[in-house]
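Pulled from TrEMBL:
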type: TRANSMEM; residues: 33-53; note: transmembrane segment
type: TRANSMEM; residues: 65-86; note: transmembrane segment
type: TRANSMEM; residues: 106-124; note: transmembrane segment
type: TRANSMEM; residues: 153-170; note: transmembrane segment
type: TRANSMEM; residues: 182-202; note: transmembrane segment
type: TRANSMEM; residues: 222-241; note: transmembrane segment
type: TRANSMEM; residues: 262-283; note: transmembrane segment
type: TRANSMEM; residues: 303-323; note: transmembrane segment
type: TRANSMEM; residues: 358-380; note: transmembrane segment
type: TRANSMEM; residues: 386-404; note: transmembrane segment
type: TRANSMEM; residues: 416-437; note: transmembrane segment
type: TRANSMEM; residues: 443-462; note: transmembrane segment
type: REGION; residues: 492-522; note: region 'Disordered'
type: COMPBIAS; residues: 512-522; note: compositional bias 'Basic and acidic residues'
Amino acid sequence: MTDGPRQRSSTAGSAKDAAGEKESGGVALKKEIGLVSACGIIVGNIIGSGIFVSPKGVMENASSVGVALIVWIITGIITAIGALCYAELGVTIPKSGGDYSYVKDIFGGLAGFLRLWIAVLVIYPTNQAVIALTFSNYVLQPLFPTCFPPENGLRLLAAVCLLLLTWVNCSSVRWATRVQDIFTAGKLLALALIIVMGFVQICKGDYYWLEPANAFEPFQDYDVGLIALAFLQGSFAYGGWNFLNYVTEELVDPYVNLPRAIFISIPLVTFVYVFANIAYVTAMSPQELLASNAVAVTFGEKLLGVMAWIMPISVALSTFGGVNGSLFTSSRLFFAGAREGHLPSLLAMIHVKRCTPIPALLFTCLSTLLMLCTSDMYTLINYVGFINYLFYGVTVAGQIVLRIKQPDMHRPIKISLIWPVIYLIFWAFLLIFSLYSEPIVCGIGLAIMLTGVPVYFLGVYWDNKPQCFDNFVDKMTYMGQKMCVVVYPAQSKKNEEEGEEMKEVTSPLAKEGADNHKSGDC
C-alpha cells in the first residue's frame, strides 16, 4: 500500500516543501490561487449536485415543508460555524491536505491515516459517483418523460463523463480550469433562474406551502431519527466547504485569503440554497417533489413551458463541472498523503511536461468507476454524510485539544471556543440518531474506515519490511513513473541532500522534467 517509514524520510520527505516552489529549476506546482479563485473553489465545489438532488431526500425525512426549510437554514449556519473552526486551523497549521493534515498533526499518524483512507476509498469516489450519476440522470430524463432512465444507461453515461474529465485534467491544468469556469457559469445560471422564477411565483400569489399553517402540516409522522437523516442529506449539499483547506500551500497569502474566502463563500451558498428550496415549493407540492427523480427538471417543466429544456441542460452543466472540481481537488489530498508516506509515492508525482498529477487522477477515476456499481445515490449520500461528519467532528475536537496542549501557539485567527462546542453538540446529535435510524449504513461506513487499521500497521508503521518488498515497491514506482512520465515536484534546497536516495530512482525522468521545464513546457 505505501512505501512506509523507510522511504518517507527520503521519497516523501524530499517533496515536503516543494508544493509551490521552483527553487531547483524542476517541475513544480504553482502558488497562484488568489482570493477570487479561492472563493471559486469553495462555491464551485459546494454547488455541485446536492441542491438538485438532496431537496428530495431532505423533504422525505423532514416530513413537512417548514421543517425542511429549517433544516436547510440550520445546516447552513452549522456549516458556517465549522468553516470558522477550519479557518483557525488552516492558518495555524498552514499545510495542504485539510482535515487530514490537522488530524495527523494533532492526534497522530494512525488517526490521520484513517481520515485519508476513508477519503480515498469512500468520500471522494462516492462524491464523484453521485455527481456523475446525477449528471446522467438530468441528461437522460428528458428522453424518458414517463419513466425513469434505465440504470445501465445512467452508469454508462456517468462513466463516460468521468473518463472524459479525467483525460482533461491529465492533459492540462489550464484546460481543467477553463472547463471549471464554463460549467460554474452554467450552475449559477440554473440557480439564478430557479430563484427568479420562485420570486415570480410568490408575486403571483402561489405560496400555499410557505404559509405557516400549511408549511408545517406533516405528510408523515415526525421522527427525530429521520430529521437527523434530513440534516445528513442537507449536509451533502454543503459538502465541499472545506476543500480550500486542501490547497492551502498553493494560496497566495493564505493567512488572509483563506479566512476571507470562507467568510464570503459560505453565507453566499447558504442564501442561494435556502431561496432555491423556497422556489421549489412555490411550484411543487411535497408529494410532487418526492415523486420526481429530477427535481429541477420537474420545476422547469411546470414553469418554463417550451423553454423547459433549459433546466436539464443547466443542471447537467452544473454537475459536469462538479465532477471536474472534485477531480481537481482530490489530487492535492493524495499529494499531501503521499509525501507523508501514507500513500504510494507515485501519487505525489506530476507529469514532466503537463505539470498535472496523472497517477492520482487515474487512481481516483478507477475507484469512482468501481463505486458506480451502486446506483442508489441516496445510499451513497448517507455514506458520505455520516463519514464526513464523523471526521469533521474529530477535526473540530482537535482544535480544542490543540488549544489545551499548545495555548501559546501563534494563531493569526483565534475564535471563541463556544463555536467548536456548538458544532460538536450538533455533530453528536447527528451521529447518535443516524446510527439509531440507519445502523447498517453507518456500520458499513465505520467498518470500511476500520479496514485501514491493519493497512496502516503493515504499510506505514512496520519499518523493517523485507528487502524484496522494498525492491518490488521501488520497481513498481519506477514503472509507474515511466508509464505516466511523472516525477516529484521540484525539491527545495534544504531537502536536496535528503532526497539523494530518491534521485537514484527518478534521475532519468527528473532530468527530462527539468529540461522540459527550462524549455517552457510547463
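Backbone N, Cα and C define each Cβ position, glycine as well.
Please treat TrEMBL annotations as automatic predictions, because they have not gone through curation.
The transmembrane segment (33-53) and the transmembrane segment (182-202) are in contact, since at least 3 Cβ pairs between them lie under 8 Å (pairs 6 or more apart in sequence). As a quick check, the transmembrane segment (182-202) and the transmembrane segment (416-437) miss the bar of 3 or more Cβ pairs under 8 A, pairs 6 or more apart, so the two do not touch.
Highlighted: of the candidate stretches 153-170, 262-283, 386-404, 443-462, 153-170 has the greatest count of Cβ pairs under 8 Å to the transmembrane segment (303-323). Across the candidate stretches 106-124, 386-404, 443-462, the maximum count of CB pairs under 8 A to the transmembrane segment (416-437) is reached by 386-404.
Taking Cβ pairs closer than 8 Å, the transmembrane segment (222-241) reaches residues 42, 45-46, 48, 50-51, 54, 57-58, 60-64, 67-68, 71-72, 74-76, 79, 82-83, 127, 130, 262, 265-266, 269, 273, 325-326, 378, 381-382, 384-386, 388-389, 429-430, 432-434, 436-438 in its own chain, all 6 or more past its ends. Long-range contacts of the transmembrane segment (65-86) within the same chain, counting only residues at least 6 positions beyond its ends with a Cβ under 8 Å from a Cβ of the stretch, are 55, 58-59, 98-99, 209-210, 212, 214-216, 222, 227, 230-231, 234-235, 237-238, 241-242, 245, 262, 266-267, 269-270, 273-274, 277-278, 281, 286, 392, 395-396, 399, 415, 419-420, 422-423, 426.
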